[in-house]
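Reviewing the structure listed below.
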Amino acid sequence: MEAPAQLLFLLLLWLPDTTGEIVMTQSPATLSVSPGERATLSCRASQSVSSNLAWYQQKPGQAPRLLIYGASTRATGIPARFSGSGSGTEFTLTISSLQSEDFAVYYCQQYNNWP
């Protein structure tokens, strides 16, 4: 049995708007999983962002890679094991069967309100 590896992702990501900050809170901060297992990452907005939510993956020394936009639409070339769901204030990124290349940092970003 393979030793668990860690998925790390940002606890907090926020973008300000003209009426106040929208705070994006991700949980859990770390997730210990093994290849082949399912990983579920959550993101909560402090106010509704409709479906204007994106998920990114970042590996050391690389730029962030867009995985999901519109809360549930996979970007071009993203494998079907990645799926997004949710709307309003509650969102989820699911990786159905983790591959070794999936161990990375994951971010959610709202784009409903911009500075």
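A Cβ is built for glycine as well, from the same backbone N, Cα and C atoms used for every other residue.
Positions annotated as signal peptide by Swiss-Prot: 1-20. Residues or ranges marked as region 'Framework-1' in Swiss-Prot (evidence: similarity to another entry): 21-43. Sequence annotations record features per position, and here Swiss-Prot assigns domain 'Ig-like' to 21-115 based on sequence analysis. Per Swiss-Prot, the feature disulfide bond maps to C43-C108; the stated evidence is sequence analysis. Annotation source Swiss-Prot lists region 'Complementarity-determining-1' at 44-54. According to Swiss-Prot, the feature region 'Framework-2' maps to 55-69. Summarising the annotation, Swiss-Prot assigns region 'Complementarity-determining-2' to 70-76. Sequence annotations record features per position, and here Swiss-Prot assigns region 'Framework-3' to 77-108. Marked as region 'Complementarity-determining-3' by Swiss-Prot on the basis of similarity to another entry: 109-115.
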Interface-richest range of 55-69, 77-108, 109-115 toward the region 'Framework-1' (21-43), CB pairs under 8 Å: 77-108
Chain-internal residues near C43 (disulfide bond), provided their CB is under 8 angstroms and they sit 6+ positions away: M24, T25, Q26, L53, W55, G86, E90, F91, T92, L93, C108
C108 (disulfide bond) CB neighbourhood, other CB atoms within 10 A: 28
